[in-house]
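Here's the structure, in structure tokens; my notes come after.
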Amino acid sequence: MKKTAIAIAVALAGFATVAQAAPKDNTWYTGAKLGWSQYHDTGFINNNGPTHENQLGAGAFGGYQVNPYVGFEMGYDWLGRMPYKGSVENGAYKAQGVQLTAKLGYPITDDLDIYTRLGGMVWRADTKSNVYGKNHDTGVSPVFAGGVEYAITPEIATRLEYQWTNNIGDAHTIGTRPDNGMLSLGVSYRFGQGEAAPVVAPAPAPAPEVQTKHFTLKSDVLFNFNKATLKPEGQAALDQLYSQLSNLDPKDGSVVVLGYTDRIGSDAYNQGLSERRAQSVVDYLISKGIPADKISARGMGESNPVTGNTCDNVKQRAALIDCLAPDRRVEIEVKGIKDVVTQPQA
């Protein structure tokens, strides 16, 4: 039995890689175990009777899972009380100890691991006999364990384990120096295994806001009648307009300058005049800093009059020129996409 136990422990020691059924990284666990404890190599002075080597064993343990590969475990073991009888001496031996081991594992399935524990035990062994009375001894012995662990839930796991402890006692002090093998069934509770909070997908970015701005300037302010050269007053008006355009700062913006005339004169002449006036405005705004590829001119001639038929009965030329003044205009259309800024959620 001893050789079999050692062979199992040595074989399991090779499986020292990631255990998927292990607790989450950097978490604690605690548990308890109960099982069959058997003492080996029990030699007692003056004892020629039966020795009850098989006893009930139990223990409690706690551990810390560093990462999927390695954990550390500390526990208390009650290895059992072993009575013995002989023709001269009758008594009992009992042992208990505190152990510290490194726990290494290997995944079989998502929920099942093979593991091994390697470390040492600080033990105390006591004897009581009708001949020598009470004696005790303390010491440190190596501990080897191997087993399988099954995760019932993320928090609760069960394990089946065989543990071997070498040389518990001093034959000169308590009359024996046995080894111990314990087969146990344990249950553990793992802390901090709750499901991670679901990741809430960020709200989709709001659709960009497309904005269009319109500005209208009177041609009589910009130009002399029947001319396409900007007046100083016209330049001053465009300076103010440029400041407004700069404040808009649209993303991917474009500026269209539309020139209009009144109905006095031929269609062809008015079309050409409206184009020249629109281009004069464009050239000036480019000189102020608007990119040339973002602004264009378009002559609209005498189309889209704003006066309608209000001037139809005006016959004198000077009066008609004054009446049709609203038709002589320059319209500036700014199109662009404005970035929508949302406030972060609290």
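Any Cβ shown, glycine's included, is placed from N, Cα and C.
The region 'Hinge-like' annotation in Swiss-Prot covers 197-208. Residues annotated as region '4 X 2 AA tandem repeats of A-P' in Swiss-Prot: 201-208. Swiss-Prot lists 209-297 with the feature region 'Required for dimerization'. As annotated by Swiss-Prot, signal peptide applies to 1-21. Per Swiss-Prot, site 'Part of salt bridge gating mechanism' is recorded for Glu73, Arg159. Taken from Swiss-Prot, the feature topological domain 'Periplasmic' applies to 22-26, 108-111, 152-155, 192-346. Per Swiss-Prot, the feature topological domain 'Extracellular' maps to 38-54, 79-95, 121-141, 165-181; the stated evidence is experimental evidence. Positions annotated as transmembrane segment by Swiss-Prot, on the basis of experimental evidence: 27-37, 55-66, 70-78, 96-107, 112-120, 142-151, 156-164, 182-191.
If you take the C-beta of Glu73 (site 'Part of salt bridge gating mechanism') and look for same-chain residues 6 or more apart in sequence within under 8 angstroms, you find Phe61, Gly62, Gly63, Tyr64, Leu100, Thr101, Ala102, Lys103, Arg117, Gly119. Tertiary proximity for the transmembrane segment (182-191) is limited to same-chain residues at least six positions away from its ends with a CB under 8 Å from its CB atoms, namely 23-24, 27-38, 57-59, 61, 63, 65, 77, 79, 154-163, 165. Residue counts for the topological domain 'Extracellular' (121-141) under DSSP, helix first, then strand, then coil, are 0 helix, 18 strand, 3 coil.
Within the topological domain 'Periplasmic' (22-26), the DSSP-based counts of helix, strand and coil residues read 0 helix, 0 strand, 5 coil. Taken through DSSP, the topological domain 'Periplasmic' (152-155) splits into 0 helix, 0 strand, 4 coil. Remark: secondary structure over the topological domain 'Periplasmic' (108-111) totals 0 helix, 0 strand, 4 coil, with classes taken from DSSP. Remark: the transmembrane segment (70-78) contacts the transmembrane segment (96-107), by the rule of 3 or more CB pairs under 8 A. Long-range contacts of the topological domain 'Periplasmic' (152-155) within its own chain (CB-CB distance under 8 A, at least 6 residues past either end) are made by residues 189-191, 193-195. Over all protein chains present, the Cβ of Arg159 (site 'Part of salt bridge gating mechanism') has 19 other Cβ atoms lying within 10 Å.
Per-residue pLDDT, averaged along the topological domain 'Extracellular' (121-141), amounts to 88 for this model. Sequence-distant neighbours of the topological domain 'Extracellular' (121-141) (same chain, 6+ residues past either end, Cβ-Cβ under 8 Å): 46, 77, 79, 88-99, 165-170, 173-176.
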